[in-house]
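Taken straight from TrEMBL:
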REGION    1-189  region 'Phosphopantothenoylcysteine decarboxylase'
DOMAIN    6-176  domain 'Flavoprotein'
ACT_SITE  Cys158  active site, proton donor
DOMAIN    185-391  domain 'DNA/pantothenate metabolism flavoprotein C-terminal'
REGION    190-402  region 'Phosphopantothenate--cysteine ligase'
BINDING   Asp278, Lys288, Pro305, Asp306, Ile307, Leu308, Phe323, Lys337, Lys341  CTP binding site
Amino acid sequence: MELAGKHLVLGLTGGIACYKIAELTRLLIKAGATVQIVMTEAATQFITPVTMQALSGRPVYTSQWDARMPNNMPHIDLSREADAIVIAPASTDFMAKLAHGMCDDLLSTLCIARDCPLLVVPAMNRQMWQNPATQRNVGQLRADGVEVLGPDSGSQACGEVGDGRMIEPEAAFEAICAFFQPKILRGQRVLITAGPTFEPLDPVRGITNRSSGKMGFALARAAAQAGADVHLVAGPVSLPTPWGVYREDVQTAQEMHDAVMAATPDADIFIAVAAVADWRVDHVSEQKIKKTGDVLPTFSFVENPDILATVAKLPNPPYCVGFAAESGDLDVHGAEKRKRKNVPLLIGNIGQLTFGRDDNEVVLFEERGTTPLPRAGKQELARTLIVEIAKRAPKTGGPLLS
Ligand code: CTP
């Protein structure tokens with residue numbers, strides 16, 4: 001589980017976005033985090049401590065004078081075991097307090113007495129967000145090393161439209177997960193292809209394959225969490241775009257090729273995960289092909305461009321990583337394919353054991369030999385692969401954090 005062993009203090013302040021924190025709490029708990037809820041007086045007007053207690057499975061604290069703490073010091077004890085404090089929603093007033101070091105209730109006192117990182121998730125009316133005082137306070141919080149997540153733009157509870165609404169709980173969850181990942185790809189630009197391609201035969205039919213896109217999307221997410229600037233070129237899949245990733249949707253191999261070639265000059269690393277169709281029909285019928293008695297349709301095919309091999313052949317290619325889903329003899333095919341595509345690293349797996357599944361088992365093929373990795377969930381495996389790729393890719397861009 002992604003947040004196993006992490007202890008979070010989740011502080012709610014007054015705002016209608018408190019309803020989103022029920023879902024955020026559920027996501028954090030599901031990912032293995034321990035969540036200690038602390039609420040301001042105002043927050044309890046929007047969602048009850050009973051609800052938050054039921055979701056977090058722990059007693060909720062709302063008062064500095066809570067007699068449940070044996071030493072009567074909740075402001076110290078609650079933050080000492082925390083890996084991070086997250087304030088969501090963070091109201092205008094609470095951010096002003098934080099920026100000025102004021103502490104007149106349990107949550108603000110806890111923040112000032114903390115010895116762990118602080119993340120705030122603003123939620124407010126657009127005019128309140130744009131107010132110069134709020135902008136000053138946000139700038140001060142950033143300068144103090146506080147992570148500010150959001151806000152989003154869109155329609156607000158008050159009926160107005162603009163910047164200030166809280167990011168969705170899923171986005172807040174993703175940002176919190178990303179916060180805990182080491183930034184081993186900071187400053188690197190990563191281009192990834194994912195999913196199948198779809199080669200039309202006529203307006204309603206086509207040829208595709210069984211790639212779900214899960215592995216490529218998991219790699220895009222892990223690369224973004226590692227601090228990279230990620231451009232994902234995705235074939236037809238029904239997967240949500242990972243947080244912080246720029247996504248470009250394509251259908252055919254030729255479209256994928258064109259999108260990749262346009263993006264390659266800006267890429268430091270290219271990871272080709274897509275299961276690209278090898279062939280397309282040389283003539284796509286404009287009308288739906290009808291049954292005509294005994295005569296079965298025949299198609300003639302032309303080969304699609306090999307995107308990975310084309311990029312690897314460029315005069316100044318990015319660091320290229322290929323994938324190979326084989327149906328057997330992985331050792332032979334993996335090594336041969338890496339050489340044929342002229343890439344320094346190829347990640348091989350057995351297709352039947354991975355397509356559509358949530359886990360995968362891979363072998364790394366390199367000039368110096370092979371390295372098998374243990375079977376793992378695709379998200380966990382993606383994080384491991386990003387570590388392996390970061391170790392091997394030439395370093396560019398900003399300073400690396402370990
Ligand atoms: N690839 C690509 N463009 C293609 C075909 C494959 O970029 N037209 C990339 C895939 O994204 C993957 C790697 O090349 O990273 C290997 O793909 P695979 O389909 O296994 O290779 P093929 O060259 O098609 O070999 P095979 O004969 O086994 O189909």
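Think of each number as a place in line: the chain as shown, counted from 1.
Yeah, the Cβs are placed from backbone N, Cα and C, and that goes for glycine too.
TrEMBL does not curate its annotations; it predicts them automatically.
Sequence features, as recorded in TrEMBL, placed on the structure.
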residue: Cys158; record: active site, proton donor; CB count, 10 Å: 13
residue: Asp278; record: CTP binding site; CB count, 10 Å: 14
residue: Pro305; record: CTP binding site; CB count, 10 Å: 15
residue: Ile307; record: CTP binding site; CB count, 10 Å: 25
residue: Phe323; record: CTP binding site; CB count, 10 Å: 25
residue: Lys341; record: CTP binding site; CB count, 10 Å: 19
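Across Asp278, Lys288, Pro305, Asp306, Ile307, Leu308, Phe323, Lys337, Lys341, which the record gives as binding CTP, the greatest C-alpha separation is 37 Å. In the three-state DSSP scheme, the residue listed as 'active site, proton donor' falls into the coil class. Pro305 (CTP binding site) sits 52 Å from the residue listed as 'active site, proton donor', counting Cα to Cα.
Note on the domain 'Flavoprotein' (6-176): mean pLDDT across this stretch is 94. According to DSSP, Lys341 (CTP binding site) sits within a helical segment.
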